[in-house]
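Asker: According to TrEMBL, the protein carries these features:
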ACT_SITE  Asp65  active site, proton acceptor
ACT_SITE  Glu243  active site, proton donor
DOMAIN    385-407  domain 'Proteasome alpha-type subunits'
Amino acid sequence: MFRFHHEIDGKYNPPVQTLQNISRFNVAVGPWGLGRGSLYVITAQTLSNSSTFPLAYITNHQARDPSIIIHNDEYYLFQTGGGIQYFRASNLGGPWRPAGQVLDRRPSVIDKGDRFEPWAPTVIQYNGTFYCFYCVSTIDTRNSSIGVATSDSLKIGSWTDHGALINTVSGQYAGVYPYNISNALDPSVIVDPVVGNQVYLAFGSYWSDIWQVRLSDDLLSVEYAQEPDASHLSLNTNFTAEEGSWISYKAPYYYLWYSRGYCCELELDDLPTPGTEYSIQMGRSLDISGPYVDKDNVSLLDGGGTTVYGSNNHGQVYAPGSCGVLSIDSDQDVLFYHYMNMSIGVSDEDALVGYNYLAYEDGWPVVVSRFDIHVQHGDAFRNNYDNDSVTFSPQGRIFQVEYAQEAVKQGSVVVGLVSKTHAVLVGLKRNAEELSSFQKKVIEIDTHMGIAIAGLSSDARVLSNFMKQQSLGSRMTYGRAIPLDRIVSQIGDRAQTNTQHYGKRPYGVGLLVAGVDDAGPHLFEFQPSGLTQEMVACAIGARSQMARTYLERNLAEFADSSREELINHGLKALRETLSQDKELTVDNTAVGVVGLVPKDTTSASSSAVKNTKLEKFKLYDGQDIAALLEALDGGATEGGEMEVDTQ
């Protein structure tokens with residue numbers, strides 16, 4: 001956390017390495033260049049745990065004390081400094097775009113310490129409201145406070161600062177136990193996942209380390225504020241600070257995470273003794289209020305603590321701490337934190353945000369490398385799959401292909417389904433930020449064919465342009481539309497070639513290809529590996545499992561569905577993927593339809609017939625889709641038919 005070195009009896013000076021372990025040379029540039037014409041050579045003696053832990057996944061973001069939440073399928077990162085700035089991104093690897101400031105150039109209403117630069121925010125969403133807990137302090141003392149601000153939208157200017165919940169040294173109830181012996185820093189909040197309606201705040205730094213209190217129902221004060229029911233969670237008997245706590249849950253255990261060691265105001269020629277720099281510790285308990293014990297069954301109140309992550313890989317990760325745990329799905333957790341890379345620097349402003357995935361061995365969390373879990377998790381691979389070397393795993397898989405498949409899983413969801421007469425594509429569009437337009441999800445390739453995309457839009461543009469060129473070439477050379485199976489095979493071959501050569505990478509996009517040929521309507525799935533297969537119904541992208549569940553449940557109805565019924569099924573499957581506070585709108589929904597209609601009518605309500613003509617691919621986008629959304633739960637709109645384009 002963003003704090004300074006102090007102890008109960010006054011300012012604490014950390015032990016440091018002598019200059020015997022650090023050689024300084026005057027050179028212009030070098031692998032450890034500090035930008036001032038100097039080169040520091042860091043020997044093994046100055047580093048600890050140099051290869052014990054895997055490297056951090058990078059987020060491409062500099063910050064201290066990160067707090068990360070997911071909202072509307074986007075990540076929001078809050079950090080120390082700048083009135084609690086926060087940023088948004090579609091995946092943990094970035095890019096992170098500014099989204100606002102909690103205090104929005106205003107000081108905290110708490111009249112204490114550096115009111116313009118609150119520290120160590122923690123943000124949660126609870127009952128439709130966002131709560132940002134933060135702290136202010138006077139340096140090198142425990143004259144600190146924990147405050148809270150709220151917002152109903154995360155929009156700029158929407159935050160209300162409610163002031164202090166907890167004070168130490170000065171302020172309301174500062175003399176009440178345990179505030180009279182603790183330090184009101186580093187708040188973290190958990191909604192008890194077992195009980196559901198009980199919210200707990202953990203806090204503390206240095207003085208008597210980490211404590212926990214229960215919050216009131218509105219989360220704006222401590223329950224029984226004048227006599228709080230406090231639990232002491234950790235106390236380091238070795239006089240090394242513990243701070244930056246976080247509580248997570250993985251049935252049946254609660255896990256207390258925290259940082260131990262020296263974190264701040266570091267210098268390359270004055271580093272703490274190896275092993276005393278920041279590291280991430282953990283203990284577990286069957287009760288949210290403890291007692292917590294480490295892997296050796298030593299109580300955290302007796303100095304226990306299991307090191308989960310520390311400095312590694314010869315300074316590429318140094319002094320990780322100020323951590324949190326993010327649950328991305330039902331069975332996988334992500335540990336995020338800030339750290340320093342010694343090739344960049346170790347000062348406070350050099351801190352980077354990193355993360356790793358967690359595996360659980362006998363109920364104990366372990367930080368694992370990307371190769372250990374490469375088939376399960378998405379965000380790391382969207383940031384790392386474009387390696388220019390083709391790497392096989394010992395099991396015979398190609399890592400770069402699997403990374404690209406993970407990029408597809410991070411794209412917004414698209415759904416395809418086919419009946420005897422029509423093929424339908426529906427997609428959920430995203431906009432990178434409020435000032436930008438929504439990205440295209442459904443694209444017309446030719447009058448008889450279209451695609452829906454999930455993954456990297458730039459790669460989708462390359463493939464769609466290739467498909468358009470091949471389709472146009474078929475019409476110019478042979479005077480007819482290109483058969484669907486041929487063009488699908490061509491893009492599969494093109495993608496598979498990229499898995500064979502050095503200097504190329506797989507396409508980070510998945511496609512659903514819908515079209516009509518002489519045999520009727522078809523739906524194909526294309527994967528980054530080059531695999532293509534014909535489908536009756538399919539969904540790809542983020543949260544697509546819910547859509548697939550709907551499709552499997554209603555599969556028997558699709559073959560005989562009318563045009564309008566098939567669109568309705570597609571939109572319902574798409575709606576299944578939405579979070580509770582989101583709905584389908586004319587802005588975020590796209591629909592594409594292509595099919596066959598009887599030659600004697602423009603109605604697509606009848607089943608497949610022998611004498612048919614093509615209903616050209618039609619894209620419903622923007623206001624065109626309003627009627628489809630209105631019909632979503634009530635059948636077809638008044639009139640019973642929709643305009644179609646035939647030839």
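Glycine residues also receive a Cβ, built from the backbone N, Cα and C atoms like all the rest.
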Asker: Mean pLDDT across the domain 'Proteasome alpha-type subunits' (385-407), rounded to an integer, is what?
Answerer: 64
Asker: Compute the C-alpha separation of the residue listed as 'active site, proton acceptor' from Glu243 (active site, proton donor), stating it in Å without decimals.
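Answerer: Here the two Cα atoms lie 11 Å apart.
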Asker: Around Glu243 (active site, proton donor), how many other CB atoms lie within 10 A of its CB?
Answerer: 25
Asker: Can you tell me the three-state DSSP label for Glu243 (active site, proton donor)?
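Answerer: Glu243 (active site, proton donor) sits in a strand per DSSP.
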